[in-house]
Amino acid sequence: MPELPEVETVRIGLSKWVTGRTIATAEVLHPRAIRRHLPGDAHFAAVLAGRTVLDVSRRGKYLWLPLDSGDAIIGHLGMSGQLLMQPAEAEDEKHLRVRFTFTDGGPQLRFVDQRTFGGLSVSEGGAGLPDEISHIARDPMDPLFDDTAFTARIRGRHTEVKRALLDQTLISGVGNIYADEALWRAGLHGTRPTDQLTRPAVARLLGHVRDVLSEAIVAGGTSFDELYVDVNGESGYFDRSLNAYGRENEPCHRCGAIIRREQFMNRSSFSCPRCQPKPRS
DNA sequence: GAGTTTACCTGTACGC
DNA sequence: TGCGTACAGGTAAACT
């Protein structure tokens, strides 16, 4: 599942392959893939034809490609989205949703998405930071991320710490996998109330979040199946480094207790019952 | 207004 | 073999 490390891996690959190239055509093969582009697929194709990609940027799990028109292509991978570079003669992928060709006749950019939770749209005048994603907080790897402000905000919330980590308006880029990993490292159960965390506890947690994310970026992300791959179709290998996520009934790497799985926010959470005791209710 | 729940999706695994 | 069901989970709308 694409979280910050996966999206960053895609961003790096994309920027290498599409920066400076001019779009010839943008072909929408499935309307749901551009459902957030309200003017529709004909408009999507028309505003992109002839535009040159200036850069590939990221805010949290969102990507955006500033164009020479001042607009930008916004992309989100959702659960199963992929942005792949493919030679023109390569066979269409089963879940190919959008295809970009370039005036140089080189490799195509293809948006492939099995579950169609992801999507693309064009943001008018969005070459800076598109309005559509301005509500997304900076991610903790961003040099402008404000630790003091984050600490104050999370301690001011009346919610559980895992909910807070998944709240993209508070801190971006963290999803279910890396939230569980950071909480395991911090020795915190996900239901711990945020207003009871001390400042040093928040600082430690933030440090673990950064460690997990940066280690995962180096590994090229986490791939459980073929649903996450980089622009060249290669898997990441951070799944070998997971301590909590997906390890139900396996021994904790730190204390040997059996990792438990619990339902939380309609998804699975994994934690060590000894290292991460539940708070008293 | 803040916090929480639900809908959106489809392929895969599994039990009967 | 085929059918039904549970599950994966990021985001935003809907709800409390």
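The backbone N, Cα and C atoms fix where each Cβ goes, glycine too.
Site annotation for DNA in TrEMBL covers A:ARG115, A:ARG157, and the matching candidate from A:HIS95, A:HIS135 is A:HIS95. Each residue in the domain 'Formamidopyrimidine-DNA glycosylase catalytic' (A:2-118) has a pLDDT score, and their mean in this model is 92. When the recorded positions A:HIS95, A:ARG157, A:ARG267 are compared by the number of other C-beta atoms lying within 10 angstroms of their own C-beta, A:ARG267 comes out lowest.
Ranking the recorded positions A:LYS61, A:ARG115 by other CB atoms within 10 A of the CB puts A:ARG115 at the bottom. The Cα atom of A:PRO2 (active site, schiff-base intermediate with DNA) lies nearest to that of A:LYS61, taking the recorded positions A:LYS61, A:HIS95, A:ARG115, A:ARG157, A:ARG267 as the candidates. Under DSSP, the residues of the domain 'FPG-type' (A:243-277) split into helix, strand and coil as follows: 0 helix, 12 strand, 23 coil.
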